[in-house]
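Student: Got these off Swiss-Prot a minute ago, pasting:
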- 8-290: domain 'tr-type G' (DOMAIN)
- 17-24, 88-92, 142-145: GTP binding site (BINDING)
Amino acid sequence: MTRKTPIERYRNIGISAHIDAGKTTTTERILFYTGVNYKLGEVHEGTATMDWMEQEQERGITITSAATTAFWKGMAGNYPEHRINIIDTPGHVDFTIEVERSMRVLDGAVMVYDSVGGVQPQSETVWRQANKYKVPRIAFVNKMDRVGADFFRVQRQIGERMKGVAVPVQIPIGAEDHFQGVVDLVKMKAIVWDDISQGLHFEYRDIPDELLATARTWRDKMIEAAAEASEPLLEKYLAGEALSEDEIRQGIRQRTVANEIVPMLCGSAFKNKGVQALLDAIIDYLPSPVDVPAILGHTEDDKTAERHPGDNEPFSALAFKVMTDPFVGQLIFFRVYSGVVKTGDTVYIPGKTRKERLGRLLQMHANVRQEIKEVHAGDIAAAVGLKDVTTGDTLCDPDKVIMLERMVFPEPVISQAVEPKTQADQEKMGVALHRLAQEDPSFRVQTDEESGQTIISGMGELHLEILVDRMKREFGVDATVGKPQVAYRETIKQAVKDVEGKFIKQSGGRGQYGHAVLNVEPQPPGKGYEFVDAIKGGVVPREYIPAVDKGIQDALTAGVLASYPVVDVKATLVFGSSHDVDSNENAFRMAGAIAFREALRRARPILLEPMMAVEVEMPEDFMGHVMGDLSTRRGMIQGMEDIAGGGGKLVRAEVPLSEMFGYSTTLRSLTQGRATYTMEFKHYTEAPADVSEAIIRGKGMGRQ
């Protein structure tokens, strides 16, 4: 089956923004005007099509990137039909992972800004992610009808805060209650939308006299930006010749695709103004799959290879999202970079070194699905029937294997114990957690070997709260969540010699006799436990020596200060004695444990706490507040640097994990939400005396 739309007319775009900038409403309007959705969905009524999880509608925030397809022929019917694949992305910082994974598979992005709030924290994070994946973008300043709306302030903020070159291709006509429409600077015409038809009808008018001078000023700036795209355009511009509308669009497109400028538009999605012009700009200025560089990967013999976006190339695709659907089970969303794949085809998954057969292929409109028989280069689709695929996996032709660059996901920064309320919940919880971890690579599940508890880890308090909530709603699992916990360790500071351990019971019948003498000394950090047999003359029979080692390992599981595991010690068995009848393995195991615990008490035991490498990215103005706060958390500043591309400052510090709980909330309020941070385990270090004493008291332990 041949493709219906040539690949040059595809646009794979994401719609990204800070929470509450009106991103979901903008997407809804796009679906309405492209004819997919006939009744407008409103987020504040809880009916928006893209926000399809129950929780998203309740909270009014977008959690999951839903993918949908729309077709557009231009607001004046002046284009051949284009196919626009849209990925809606969340704007809450705990869901940054969703934005990151969609950026990886996009060719272009629409950044939605609130005309009053302007460039907000998540906008900066999303901008950095778009820079990382070199995604060309256009800006849509939304909510122009709000009190305090200021299009030009947002234009300045994009330059000041994100060092982006924002080039208005429209300016607003009026603002707040008087917002009527926009001036199209390319055509030099006013566009006014009609309220009665929900913005379906519009007309071109002459620019109001009071705006003419402003429009000319901004048009000159736009033409200058367009002219810098190529030598011929620049020569024409410098010679004082007028550039045609097509030449202006061509120049702006070239520079947008090259990530040199960001065209700016405005409107009010809620009031149905400006969205069709935004659709035209997506076609005019954002790239098709053939306008961006070929995707790179590695062959089986680890040579670099590339795949070009064409149907005649070998099939290659990237799975960018795994979801559990209540009707069809697991859905794998994937972006096809090259080739064609049909229902029933076998694909190879290089990361898992296995083949799988594609079941049904679906194209999604939010959570409404349409079954299709094949997908082509440039398409985004969902597959049913792939068993062992996780987010970030490559799917490819089994005969032409390529492994596309994997997505890198941040390590989780918060952990909590989770316990099922009933035995029935216990079995279901295992299945639920496995499913959720498959869907979300930033969510981890592990079992604490010491307590046997299930520990869940994620990107923030809201992240874990929503996942626990999903366990209840989607899998019927009731669970209680504990407070965040820190894994402390114990070790020793000095060496001790000739510490004796005896386990002797000899009162009638067969007795017990074990006797071991140990030297115990500290090891360098990270060296772990070491056992040395230094017995001479057979005073401890050979067959009992492994039992002494086993007894010491038993004692390692709980130290003498607060029952935390003991690390980095060396134990040498130097002497002992045995009894011909009463000695056995168990007696020597007990003797080894007794000697070792006594050695720990004498060897200046200390508590170790985990230190985290923390990196905070923020605008420079907040650096003093952030560094002051890190110091109060016993943090040690390791360094500072400018973020490449003028995106503020990066502070690196080492901070004890115990001081980092609740940090996301504090950081948000310290920086008006304009900072982001990452945290990963670095090493263990000695806890200060006051901290140790508090922990020991908290565990109800004195020195044993």
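Just so it is clear, glycine is given a Cβ too, placed from its N, Cα and C backbone atoms.
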Student: Can you tell which of ALA17, ASP20, LYS23, MET144 has the least company, meaning the fewest other C-beta atoms within 10 angstroms of its C-beta, among these binding-site residues?
Tutor: ASP20
Student: Tell me whether MET144 (GTP binding site) sits in a helix, a strand or coil according to DSSP.
Tutor: coil
Student: Over the domain 'tr-type G' (8-290), what is the model's average pLDDT?
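Tutor: A mean pLDDT of 84 is what the model gives the domain 'tr-type G' (8-290).
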Student: Where does ALA17 (GTP binding site) sit in DSSP terms: helix, strand, or coil?
Tutor: strand
